[in-house]
Amino acid sequence: MTPLYQNQTLKIYNSLSGEKEIFTPLHQGNVGMYVCGPTVYSNVHLGNVRTFMSFDVVFRYFSHLGYKVRYVRNITDAGHLENDADEGEDRIAKKARLEQVEPMEIVQRYTVDFHSILNDFNFLPPSIEPTATGHIIEQIEIIKKIIDNGLAYEANGSVYFDVKKYNETNHYGILSGRNIEDMLANTRELAGQSEKKNPQDFALWKRAEPQHIMRWPSPWSDGFPGWHLECTAMSTKYLGEQFDIHGGGMDLKFPHHECEIAQNQACTGNAPVNYWMHANMLTLNGKKMAKSTGNNILPREIISGNNDILSKAFSPSVTRFFMLQAHYRSILDFSNDAILAAEKGYNRLMEAFNSLSEIEVSENSSVDINTWKQRCYDAMNDDFNTPILIAELFEGVRFINLLKEKTESISAEDLKTFSNAMSGFIFDILGLKDEKTSGAGNDKLENVVNMLIGMRNEARANKDFALSDNIRNQLTSLGIHLKDGKDGTTFTIN
Ligand code: AMP
Ligand code: ZN
């Protein structure tokens, strides 16, 4: 069977060129994609989930088109310092110090949390999920090559990338558009205060201070690798010195991805990535969701509704639908009203999809299903435009209603095409689930939960709070979350 990708022309916005480009893989039929994973020192927030979701959909679409995809998403479990540059404590080591546990206990706790969140939100696992600490040897080997090529230097047991020297024959700033000459001219080095030749130089290896517990032996010192280096080591190891796609959040473009390009170029002489993709931020009250500022919502708070911003609980698929209604390169602001509206849309789409079985077929079709189906592909082919795809799916909903009321007609064959396409786009590509029919969310269960909510209300009215809390807690342990709102109690199941 001819793979679908042979009949579709996919265009990707390449952050490197600033243009949408036709996607041509390095190896026909194969896609290699690397996405920067989380630094596992705290719970992921909804903003992180959005970025990973953008690439989950990219992964799903490539797979749907019939490509063999190797999707590598790492876990950062060492080397990411507090200020994203070369100063401050390692984020994981700091958390371990504060809690008086092993750094690897922190890593384990938040890696497990990350996986369970992504599972709740119906993410597909990547093909390989390597860790920074599992690739120290590879990182040391890259540093040796960069030193041999004259583009890194040692200072007091640390090794720094020589940005100024690199820029004599390469272009530091090629991705972010930053002008290194300006950067060099505008920074005055305070003599003796830094071991770097220039402030723009970044660490490939840092000598560990005596109190730094995450340390490994190297030719230069007992220390730890720089944050940018791990992604170069792991992408090269699993995808090769050159590969198709590298993704991450917009905030990683500089310095992280700029430094990755420089490291690869300095090591192999090649630009590592053909298509750079950057996902835009999820904001709350107009400001970027971030761990450090506390301006964020946790994914589980959405599912439980336990956050003052929320009037009720929202299911994982509604959350997915909310996020995918925006294009991945647009900023998306989270608000209760916006997700309430998304819930209405999601319910309408699911109801319509479930009523496909009520449609009666005719000899001939008056609706043009194939043209509509191609428009759905066109939306995804246009840089993964999920909001346009969703608009086309609502065009499908309109067809369904016209067919049900017999204003339009459809042949048996077209109905099959139509229903397969709806299901492929909704479930396989957007990764939504029908929460009413899948999982436990069927009518009987809904009635039972509503009965328990009634009993809990009665217990509360009788001031029997032990019983009412007991009902709530037992439901929570079964994955059924109650949320009390002004219009009564609602629930979600995950
Ligand atoms: P971190 O664990 O901080 O390295 O972040 C993991 C991923 O989430 C990175 O790709 C970040 O760019 C991304 N990210 C962080 N904050 C947000 C946000 N508010 N909206 C979308 N993506 C984000
Ligand atoms: Zn990275």
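Using N, Cα and C of the backbone, Cβ positions are placed for all residues, glycine too.
Annotation comment: TrEMBL describes C36, C231, H256, E260 as Zn(2+) binding site. The motif ''HIGH' region' feature in TrEMBL is assigned to 38-48. Annotated motif ''KMSKS' region' per TrEMBL: 288-292, in sequence order. Per TrEMBL, the feature ATP binding site maps to K291. Taken from TrEMBL, the feature domain 'Cysteinyl-tRNA synthetase class Ia DALR' applies to 375-438.
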Residues flanking the Zn(2+) site, with Cβ no more than 8 Å from the Cβ centroid of C36, C231, H256, E260 and excluding those residues themselves: W227, H228, E230, T232, H246, G248, L252, H257, C259
Chain-internal residues near E260 (Zn(2+) binding site), provided their CB is under 8 angstroms and they sit 6+ positions away: H228, C231, T232, S235, H246, P272
Reported mean pLDDT - the motif ''KMSKS' region' (288-292): 91
Binding-site residues: C36, C231 - member with fewest neighbouring CB atoms within 10 Å: C36
Neighbour tally for H256 (Zn(2+) binding site), based on other Cβ positions within 10 Å of its Cβ: 19
Cβ neighbours within the same chain of K291 (ATP binding site) - under 8 Å, at least six residues apart: S42, H45
Three-state secondary structure, which DSSP defines for K291 (ATP binding site): coil
Distance-selected binding-site residues near ligand 1 (C-beta under 6 Å), from C36, C231, H256, E260: C36
Per DSSP, three-state class assigned to C36 (Zn(2+) binding site): coil
